[in-house]
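Trainee: Quick one: the structure is below, questions incoming.
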Amino acid sequence: MRVAVYPGSFDPITNGHLDIIKRGAKVFDKVIVAVLVNVDKKYLFESSERVELIKRVTRDIENVEIRSFDGLLVNFLKECKTNIILKGLRTASDFEYEFQMAFINKELDDDTETVCMMSSAKNIHISSSTVKQVARFGGDISGLVPNEIISDIMSRINL
């Protein structure tokens with residue numbers, strides 16, 4: 001069974017993230033969306049909330065599992081009994097960062113493989129940071145995130 005782990009903060013999940021999940025689910029037997037827990041970072045949503053939001057928007061994709069993790073990604077891969085990291089790339093700067101991370105992960109565990117998917121053209125401009133910024137200024141985020149979670153984001157932003 002070919003299992004890939006798609007790690008990220010997903011704060012919040014965007015249409016770009018969802019596109020990579022859907023496409024990854026067609027390539028791999030199973031995709032584990034790994035929601036990063038970093039106690040030193042300030043998130044809009046707690047990790048448990050991010051997990052629930054992702055579950056909501058992926059409920060119709062049978063071969064997707066959502067889990068949270070902290071610590072080293074290579075250790076989480078072992079826990080999941082896989083060696084494959086799935087990453088989405090939007091820009092050249094994403095590539096440079098992921099290229100470095102792939103080498104670091106390979107250094108930590110030589111069996112680790114990183115598979116990169118190019119973002120769909122319609123999603124290249126979307127990031128979680130952009131979504132939060134647009135929402136904070138009262139902009140329309142309907143083309144940026146799944147419709148099912150717009151109210152969650154807007155109510156959290158407007159606290």
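Heads up, the Cβ atoms here are built off N, Cα and C, so glycines get one too.
Source: prediction; values computed, not measured.
Marked as ATP binding site by Swiss-Prot on the basis of sequence analysis: Ser9, Phe10, His17, Gly88, Leu89, Arg90, Glu98, Asn123, Ile124, His125, Ile126, Ser127, Ser128, Ser129. Annotation source Swiss-Prot lists substrate binding site at Ser9, Lys41, Leu73, Lys87, citing sequence analysis. The site 'Transition state stabilizer' annotation in Swiss-Prot covers His17.
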Trainee: Long-range neighbours only, meaning 6 or more apart in sequence with Cβ under 8 Å: which ones does His17 (ATP binding site) have?
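Mentor: Residues satisfying the criterion: Gly8, Phe10, Gly88.
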Trainee: What is the total of other Cβ atoms whose distance to the Cβ of Glu98 (ATP binding site) is within 10 Å?
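Mentor: The Cβ of Glu98 (ATP binding site) has 17 Cβ neighbours within 10 Å.
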Trainee: Determine the most Cβ-crowded residue among the binding-site residues Lys41, Lys87, using a 10 Å radius around each Cβ and all protein chains in the structure.
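Mentor: Highest number of other Cβ atoms within 10 Å: Lys87.
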Trainee: In the three-state scheme derived from DSSP, which category covers Ile126 (ATP binding site)?
Mentor: coil
Trainee: Just to confirm: which same-chain residues, 6+ apart in sequence, have a Cβ under 8 Å from the Cβ of Leu89 (ATP binding site)?
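Mentor: Same-chain residues close to Leu89 (ATP binding site) (Cβ under 8 Å, separated by 6 or more) are Phe95, Glu98, Cys116, Met117, Met118, Ser119.
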Trainee: Among the binding-site residues Ser9, Ser128, which residue has its Cβ surrounded by the fewest other Cβ atoms within 10 Å?
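Mentor: Each of the binding-site residues Ser9, Ser128 was scored; lowest Cβ tally within 10 Å is Ser9.
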Trainee: If you measure from the Cα of Lys41 (substrate binding site), which of the binding-site residues Ser9, Ile126, Ser128 is the nearest?
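Mentor: Result: the closest of the binding-site residues to Lys41 (substrate binding site) is Ser9.
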Trainee: Look up Leu73 (substrate binding site) in the DSSP assignment and reduce it to helix, strand or coil.
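Mentor: Looking at the DSSP assignment, Leu73 (substrate binding site) belongs to a helix.
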Trainee: Rounded to a whole angstrom, what is the largest C-alpha distance between any two of the residues Ser9, Phe10, His17, Gly88, Leu89, Arg90, Glu98, Asn123, Ile124, His125, Ile126, Ser127, Ser128, Ser129 that the record assigns to ATP?
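Mentor: If we measure all Cα pairs in Ser9, Phe10, His17, Gly88, Leu89, Arg90, Glu98, Asn123, Ile124, His125, Ile126, Ser127, Ser128, Ser129, the largest is 18 Å.
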Trainee: Report, as a single number, how many Cβ atoms besides its own are within 10 Å of the Cβ of Leu73 (substrate binding site).
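Mentor: Result for Leu73 (substrate binding site): 20 neighbouring Cβ atoms inside 10 Å.
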Trainee: By Cβ count within 10 Å, point out the most packed of the binding-site residues listed: Ile124, Ile126.
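Mentor: It comes out as Ile126.
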